[in-house]
Amino acid sequence: MLALLTVGVALAVAAGRAQDSPIPGSRFVCTALPPEAARAGCPLPAMPMQGGALSPEEELRAAVLQLRETVVQQKETLGAQREAIRELTGKLARCEGLAGGKARGTGKDTMGDLPRDPGHVVEQLSRSLQTLKDRLESLELQLRTNVSNAGLPSDFREVLQRRLGELERQLLRKVAELEDEKSLLHNETSAHRQKTESTLNALLQRVTELERGNSAFKSPDAFKVSLPLRTNYLYGKIKKTLPELYAFTICLWLRSSASPGIGTPFSYAVPGQANEIVLIEWGNNPIELLINDKVAQLPLFVSDGKWHHICITWTTRDGMWEAFQDGEKLGTGENLAPWHPIKPGGVLILGQEQDTVGGRFDATQAFVGELSQFNIWDRVLRAQEIINIANCSTNMPGNIIPWVDNNVDVFGGASKWPVETCEERLLDL
């Protein structure tokens, strides 16, 4: 029994020494694994290398694995490039829709949208194309470097070079197409802009002609001033000013259906007194005549949308005044700014009440409607003269302010149009 135990110990010691000693003339090499093998958890066994040199099969396997890694990297890069091309193509499609009028709207630009301005669209496309070119050049340089450093067999290098060449040509064709589309978009945008500018210039010229009163009226006084909106910027202005007056008569034709109140048909302001002469109806108040900021209420009713002839007389002596509508005297009074002469050198405005000389209009007091035949005399007209003017028996222009085309300017969208004849206005009463 003791002999058997001794023999077993000796065999165990010999086996341990045999395991510790390396195999003479042998060593191991580590081989790169493909991703599939790593994921499967089945690594290839280490291959013993005899004499310190790789066999042709082992060299080919290592080259194939390195080529596979390179191809995987290039696929990822090409995928990013394709995504960039798809993104740029989508932007071009939206841009074409914008240039063709398919993407009209008033919405704000949001994240990812093309800018509304065609100039910004072209600029953004230029930047995108330049970025794509830079990335393509970087990709080409990287691919060539990888191929030159791979040490692959000549057949593999030729195949890879051909595929890279095809890919490069495809990308260059796509870039050329994008550049052509960008150029076409730029040309269409420029043509559309020129057409728009031409239309706007023609419209501006027409508006200027209307503002200057260049429309062909039958006679210098055969026009009306239209003030269609209650704003603080539509008005007419009489070029001439008033001299110092101790009496006056102001007559005009007007038509308005504004409510509440027709607003201010005319106002005359001088330095230090914005309400030197004002005719106004605002809110639910009756029509008022202001002279030197003193007020008289007039029994006139003209907000029915029909033409009406209005005349107002005033004299500084006792501040006497009269009010006529359609040739009929409807009211009279006194003590309206008595012994106060009308100051000269002021500004006469149609359609707005002035808070300062020539300005600071209030939209709530603006006149809405049409005005014509605004005349001023430096005396009190007789009742029969006013009747004759109202029933079209006579045409008597004012000796201080006559109603003539070249003496009236319009601003802010107010316009001058041919007016109905006096007889047509009478039929409208």
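Using N, Cα and C of the backbone, Cβ positions are placed for all residues, glycine too.
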Candidates C251, C392 - disulfide partner of C311 as recorded in Swiss-Prot: C251
Subset of recorded positions (C251, C311, Q365, N391) lying within 10 A of E353 (Ca(2+) 1 binding site), CA to CA, in sequence order: Q365
Candidates N275, Q354, Q365, N391: member of the recorded positions with the richest Cβ shell (10 Å): Q354
For the Ca(2+) 1 site built from N275, E353, Q354, D355, further residues of that chain with CB within 8 A of the site's CB center: T264, S267, A269, A274, V278, Q352, T356, R360, F361, D362, Q365
Additional residues around Ca(2+) 2, ordered along the sequence, whose Cβ is within 8 Å of the centroid of E353, D355, Q365: T264, S267, A274, I280, Q352, Q354, R360, F361, D362
Integer Å distance between the CA atoms belonging to N391 (N-linked glycosylation site) and Q365 (Ca(2+) 2 binding site): 30
